[in-house]
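Q: Here it is, the structure, as structure tokens.
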Amino acid sequence: MKNVAQHDVEKQIAELREQIEKHNYAYYVLDQPSISDAEYDELMRKLMELEEQYPQYKTPDSPSQRVGGAPLEAFRKVTHRVPMLSLSNAFNEGDLRDFDRRVRQEVGDVRYVCELKIDGLAVSLRYEDGYFVQGATRGDGTTGEDITENLKTIRSLPLRLRQQVTIEVRGEAYMPRKSFEKLNEKRKMNGEELFANPRNAAAGSLRQLDPKVAASRQLDIFAYHVVNAEELGILSHSAALNYLDELGFKTNPARQVCETIDDVLSYIEQWHERRASLPYDIDGIVIKVDAFAQQKQLGATAKSPRWAIAYKFPAEEVVTQLVDIELSVGRTGVVTPTAILQPVRVAGTIVQRASLHNEDYIREKDIRLGDYVVIKKAGDIIPEVVCSLPERRTGKEEPFDMPTHCPACASELVRLDDEVALRCVNPQCPAQIREGLIHFVSRQAMNIDGLGEKVIAQLFEHRLVRSVADLYTLTKDELVALERMGEKSATNLLQAIEASKQNSLERLLFGLGIRHVGAKAAKTLAEHFETMERLQQATKEELMAIHEIGEKMADSIVTYFSKEEVKQLLERLRAYGVNMTYKGAKQTIDISSTFAGKTFVLTGTLQSMSRSEAKEKIETLGGKVTGSVSKKTDVVVVGEDAGSKLEKAKQLGITIWDEARFLQEIQQSKQV
């Protein structure tokens, strides 16, 4: 029997939870904050303090569970009770009218529900007796991954519903633009690779094994479908969305019921114009038959329902003025021109810079200083200049000529054989050294946390670092003298630098920035030669005998290790205790694997993994991945929104695998 004091504590905890969830709903779902951030933080602090003191009163639906628990070892596989199908796409008015005609021929009069197509990650959410018990990714549509702990960190997702109902809901997890911009700014400061777009950032966040990482990313979610709606007595999609509102889910308020296809087209036109004003990315409109009875009558193919279609917006193009062209020197010496623009909003973000690729591109497009230009942003971090608008010229515009000398060190620029880029070949070029340092400490290379671009710029400016080896001579006093570098940060950074000495050889190889040697080739070389010394002594012929090492890469490796300054650098790194041996397991390829010796091409978007993950799996199983389809291609792996590569594969009679077949072959090859 509980004593009075315990009863009071339990009551206090329950009241705190109720208050916090009420404020959560007001802030994250209704977008109407009811208290200040400081007041909210104080309520949360009190709750967590009480739950820490009285763990017997901690429950799975407590708001405290949203901060993220202990890291997971791996994601458990989840089989969807009802497959998560993808949608067929429409790209123009004709496609939509064809869809409407097919639907009406089958079911007669119909009304549609139009919804914004949120550019995020589809997830399945299962509740039992009103409590959130499991969340999973779409995966291949049949099997996904259990990401329950990461989904719990999304503040707008209810952990307990307003009714004790058992329900399965589908939703779209996404990253708002402000959260995306903050995240990329932080990653840039830390010298980490930037996310290309909010969708990739959301997907990457939900696939973190540490829920605290997901909690820090400020994700959001819209619920859009009730899987077992008819069991609950719901007869239409619009009614199901209203029911989700009643339960406490966040649904998209922009949805609209349309009686005709013309109403649908008006809705699409309206949101095509307004999409930039939204605080999140959308890439189209989803159109669904409203009545469940008609949905059932229309049925589905193996891949997609016949009662729904997704209209995809074309990539957004806008016009602005090019005010200048800025030149930057990369770590390999390539001089890249970037357009400096009058600020303009594209796809919801303010753009001031756009890629101009190279000198040939500027000349072919006749792009001049002062021109009005068309820019396009289709998922890339930096948009590109599509073309200039000569008809808007006033006569004041000036043709742009690439310089003959490096903007960073004044050395003469050269254009190597078969290259369009101009290159600075001075190994002492400060811009190349600085960019090389940023590459060396990056996540895929030596992974030195805390050494972002701004810190490296300061180290460079204070002449503390002129080579990657200098990083291993830094002292605490030198670091503390830097701007915004306290004692604790300096200590952490020195520990990270020290820890990097134990990295396996492939990380060091990639970090050195040998021309043509990417992360995968570095792993191959490290695995084959096992020590830096053996690799340094390798001949061109020995290198070319290795699968995936071609003549160009072999020449580059031999040239690199023959340089006196490289030999001196490696000697310094050895002296400082940097590991130069391969620590991984020797890879053996089973020649009976379906992948062994075959050439693959990837096209479209895979739901279960990224393009780079798919490439790595193929290569691990003995296959090779190329970027274009030819007669030498053995298999084309097709994801959603596959393009011209799929058509070419069909024309050439090349074997085509969908994602389900691809995953099946991977599994079978692992079991061989």
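Along the chain as shown, residues are numbered 1 onward.
Cβ atoms here come from the backbone N, Cα and C positions, even for glycine.
Feature table excerpt (Swiss-Prot):
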- K117: active site, N6-AMP-lysine intermediate (ACT_SITE)
- D37, A38, E39, Y40, D41, S86, L87, E115, R138, E172, K288, K312: NAD(+) binding site (BINDING)
- C406, C409, C424, C429: Zn(2+) binding site (BINDING)
- 590-672: domain 'BRCT' (DOMAIN)
Q: DSSP helix, strand and coil counts for the domain 'BRCT' (590-672)?
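A: Counting residues per DSSP class in the domain 'BRCT' (590-672), I get 32 helix, 18 strand, 33 coil.
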Q: Just the number: how many Å between the Cα atoms of L87 (NAD(+) binding site) and K117 (active site, N6-AMP-lysine intermediate)?
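A: That comes out at 11 Å between the alpha carbons.
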Q: Nearest to the residue listed as 'active site, N6-AMP-lysine intermediate' in three-dimensional space, by Cα, is which of the binding-site residues D41, R138, K288, C406, C424?
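A: So, of the listed binding-site residues, the one sitting closest to the residue listed as 'active site, N6-AMP-lysine intermediate' is K288.
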Q: Quick check: which same-chain residues outside C406, C409, C424, C429 lie with their CB within 8 A of the centre of the Zn(2+) site CB atoms?
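A: Checked against the 8 Å cutoff, the neighbours are V329, G333, P407, A408, A410, S411, L413, N426, P430, A431, Q432.
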Q: In sequence order, which same-chain residues at least six apart have a C-beta under 8 angstroms from C424 (Zn(2+) binding site)?
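A: Once residues fewer than 6 apart are set aside, C424 (Zn(2+) binding site) is near V329, G333, V335, C406, A408, C409, S411, L413, A431, Q432.
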Q: Based on Cβ atoms within 10 Å, give me the single least packed residue among the binding-site residues L87, C406, C409, C429.
A: C409
Q: If we check Cα distances from C429 (Zn(2+) binding site), which of the binding-site residues E39, R138, K288 wins as closest?
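A: Looking at Cα distances from C429 (Zn(2+) binding site), the smallest one goes to R138.
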Q: Can you check what DSSP calls K117 (active site, N6-AMP-lysine intermediate), collapsed to helix, strand or coil?
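A: In three-state terms, K117 (active site, N6-AMP-lysine intermediate) counts as strand.
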Q: Going by DSSP, give the three-state secondary structure for K288 (NAD(+) binding site).
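A: Once the DSSP labels are grouped into three classes, K288 (NAD(+) binding site) ends up as strand.
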Q: Might you list, by sequence position, any residue in that chain lying six or more from E39 (NAD(+) binding site) with a Cβ less than 8 Å away from its Cβ?
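A: Counting only residues 6 or more apart in sequence, E39 (NAD(+) binding site) has no Cβ neighbour under 8 Å.
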Q: Around the C-beta of K117 (active site, N6-AMP-lysine intermediate), how many further C-beta atoms are within 10 angstroms, looking at every protein chain?
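A: The answer is 22.
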Q: Count the other Cβ atoms sitting within 10 Å of the Cβ of D41 (NAD(+) binding site), across every protein chain shown.
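A: Summing over all protein chains shown, D41 (NAD(+) binding site) has 11 other Cβ atoms within 10 Å.
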Q: Which residues in the same chain, at least 6 apart in sequence, have a Cβ under 8 Å from the Cβ of R138 (NAD(+) binding site)?
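A: Counting only residues 6 or more apart in sequence, the Cβ neighbours of R138 (NAD(+) binding site) under 8 Å are M84, L121, A122, V123, S124, G144, Q607, S608.
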Q: Run through the Cβ atoms and count how many others sit within 10 Å of the one on K288 (NAD(+) binding site).
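A: Around the Cβ of K288 (NAD(+) binding site), 21 other Cβ atoms lie within 10 Å.
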Q: Averaged over the domain 'BRCT' (590-672), what pLDDT does the prediction give?
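A: Here the mean pLDDT over the domain 'BRCT' (590-672) amounts to 83.
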